[in-house]
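Per TrEMBL, the features are as follows:
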- SER84: active site (ACT_SITE)
- LYS165: active site (ACT_SITE)
- 58-196: domain 'Peptidase S26' (DOMAIN)
- 326-364: domain 'Peptidase S26' (DOMAIN)
- 7-35: transmembrane segment (TRANSMEM)
- 55-80: transmembrane segment (TRANSMEM)
Amino acid sequence: MIKYINYIFPFLILLHLILGIWWMAMGWGIVWLLFWMGTSKLPVIVKFRKITWLIYPLVIIGAVLAAITFKTLFFGIYAIPSGSMEKTIIPGDVVYVNNLAYGPRLPYSPYEVSWINLLVWLWEGKSADLEKRWWEYNRLKGYSSPKRGDIAVFNHPHNGNIFIKRIVALPGDTLQIVHGDLYINGKKQETPKNRLIYSKAQFKDLQDAYFILDSLNIRMYHNNSVSEKYLFNGNITKSDTDILKQHPRVINTGIDPVRPDTAWSVFPHSHHLSWSIDNYGPYVLPKKGLVMKRSPDNLTIYEDLMNYDAQFRRGHVNDSCGHFTFCQDYYFFMGDNFHDSEDSRYFGPVREEYLIGKASFIIYSSSKNNKAMSRILKRLR
């Protein structure tokens, strides 16, 4: 058995060298070395393994370092507190996030590394600055690149909080939302099966309404604030809307066009643009190396991003004739709960450095509904 295992390690090392993931090849090399030291029958190695006062501390230190490495570079586990991704992910779900998918982002400081952060904090004492960046952004090569439709975890671009949303547009894409429909590079995109849209449904009778909604397991609330009788509102899927349309006791149903959002509430928060969460763009996602003229129109849309990431080629910040170069890729995120999600429509596109990893599957759900068992190890799409 050991003989065959010793053939696997060189294969894995060679494979990762071919893929260009050199750091993982080095990792497998270290594992191979440790495996060899633990199984070798060479007299020197056997004698070394018998030095218990040295081996036991090394094993403990190695186990701690391995745990820190796995937590920092390989994966993350996150509990979902909000319903912005319903019905794909619901509050109470605990999600496994694969950091290797896009490549692990290296820590900005020791305070981002478990256990090490405690030691550094004790060392620095009162002068400790938990927000200070010790190192510049750096990311190791991963197994894939972000794709449209991926569900990913990232840091909020302004406050650093951890968010989970779906990637809908990639660097260089032109995004536009027209009456709730998403267009990328001029092509209408397929609506996610579980996307929730703020909708209305008018019934012939109030008692019928409650019975129908309960029997179909559709969550809507009675809207008493409007003149129309027996009108209900709620965030429901397109399939729910289609089912209600076919019901003989439903007068009409569809997307509710009455939205409180204004141009001030959506990115880039400009009164010159009549954008809303239902009608947005067109917006070109910046990509690394993109050179853009600092015209008044471009400044209206991109000035916030420019203040963070742009590297000026000539002129200065008030030189309207200058150009600037984006130094990172940007991604546009939206929640599947289309009308109840704080996403890129509000805080803007997300820089590459804020990506953490790809959400792979639901480990389990602490939700108290009767579907919690069916969510165990459920793959996310």
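Note that Cβ sites are derived from N, Cα and C of the backbone, with glycine treated the same way.
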- prompt: Which one, from the active-site residues SER84, LYS165, has the smallest tally of other C-beta atoms lying within 10 Å of its C-beta?
  reply: SER84
Query: In whole Å, how far is LYS165 (active site) from SER84 (active site) when you measure between their Cα atoms?
result: 8
Field: For the domain 'Peptidase S26' (326-364), mean pLDDT (0 to 100)
entry: 94
Task: Work out the three-state DSSP category of LYS165 (active site).
output: strand
